[in-house]
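Chemist: Per TrEMBL, the feature domain 'SAM-dependent methyltransferase TRM5/TYW2-type' maps to 179-446. The S-adenosyl-L-methionine binding site annotation in TrEMBL covers H268, D306, L307, D334, G335, N362.
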Amino acid sequence: TKHRSCVSLFQKVNQFARIPLQFSTLVQSQKTMTDQSQTDLGLYKPPPTVRGMTELDRAAFSQTVSVPAIRIPTNVLNKAVKSLKKVALQRPGLKRVVEEHSEDGNKDSSEGEHRLLLLDPNSITSADSFGGEEAEALKAYGVPQEIQKYELQLTYENLKSEEILRAVLPEGQDVTSGFSRVGHIAHMNLRDHQLPYRKLIGQVIIDKNPGITCVVNKTNTIDSTYRNFQMEVLAGESNMVAKVRENGVFYEFDFSHVYWNPRLSTEHERIVSLLQRGDTVVDVFAGVGPFAIPAARRGCEVLANDLNPESFRWLQHNAKLNKVDRKITSFNMDGRNFIRGPVEERLPALMKGSQKIHVVMNLPALALEFLDAFRGLLGPEPDQSLDNLPQVHCYGFSKEDDAQRDVVERAEASLKTSLQGQCSVHLVRNVAPNKEMMCVSFTLPRGVLYSTHTKDKPNPKKQKCEDPTD
């Protein structure tokens, strides 16, 4: 097969490549509202009167449920609770150890001598439900293996977010959703049937996730040059300036005006791990600096470019924030103009040196097309051969069954040369069903750089790209 040397390894593990990659640094990315067992949801199901609620009424979720409990002498309480921790009740904001009450509701006359440990009704239904180790511990501590019922007052605070939303949204419709965390901001992509409940959903996310003070929902698909998108604030403050720490590096940016994807933390780290002190990094679509700044911290010289003036501004800000502004030369240009301007000017001198040159092109909706800017970039080949050719790491989306082959063939089409035996392909992540983000890495062929190809003029026309959440 033509590209066997480039993609055969990935074909062998294709079944694993199709598994969606859950990105979690993070601190910056979380999943919420996941499925629970139907037993658990049935026991703690909120009152049916909350169905269809669009404005959050926390008091409406209060209810009383009956749970099992065991009576434990206070002198062995700590030891017994530790031995029974696997079957103890665990609910948000709920005390597992409570005082006894008599039938009339008053405190028991033996106050101080015993406490009740509330148990998980999914694990304990009778005295015979305890496992061997637990039964032995109870016997050792002199605790009768007797179960009693305790009327537990549950409130909104004791319910999990998925329980609340499952009770509110239309019965039978999928309520599973997720958000990406960007500093104090939770970024959601709500489905159509969830939109009438979006304000309530936003407030629940804030209530149940400490540190989240703003919830936003993407309101349209990207169609701008700058890879940002319109957002609606669902709940909380309208402050869009996020502060994020990724792989030990601090970033600040206005999330409503720049592109940031917390699911790419591992990929940023992977590329930076390839770099050595003294290398040069050319970051064609730098954004706010997730490749450029770690590279500079590693001791590399960096040429970082982004067309979005807001990204350019925050890139410079973050370089100063991380004290690497002297290592980064930043540009606010179209990608092709950047390659055929500052990069073309500096490349011959860099290629005379021994330190590696890495070109990073992370605009997966379009980057493969931008490879044509390298054709004939350096004109006629000089008499003295320069062997220090740039290493390119170019990203692309693919919806093809063989995503590896697809991105290689598209790279070859832009370069007008074969990459057979000269490239590697890395699966970055599964973006959506049948859509993957790939990175193809290769040494830029000498025949591409020099004028065996016609040098194209830069195209000043602004390019549009796909959904930035991809």
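Quick reminder: no glycine exception, Cβ is built from N, Cα and C everywhere.
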Chemist: Largest pairwise Cα distance, Å, within the listed S-adenosyl-L-methionine binders H268, D306, L307, D334, G335, N362?
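Modeler: Max Cα-Cα spread across the S-adenosyl-L-methionine binders: 22 Å.
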Chemist: Based on Cβ atoms within 10 Å, give me the single least packed residue among the binding-site residues D306, D334.
Modeler: D334
Chemist: In sequence order, what residues of the same chain, 6+ apart, have a Cβ less than 8 Å from the Cβ of N362 (S-adenosyl-L-methionine binding site)?
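Modeler: For N362 (S-adenosyl-L-methionine binding site), the qualifying residues are L264, D283, F285, G287, F291, H393, Y395.
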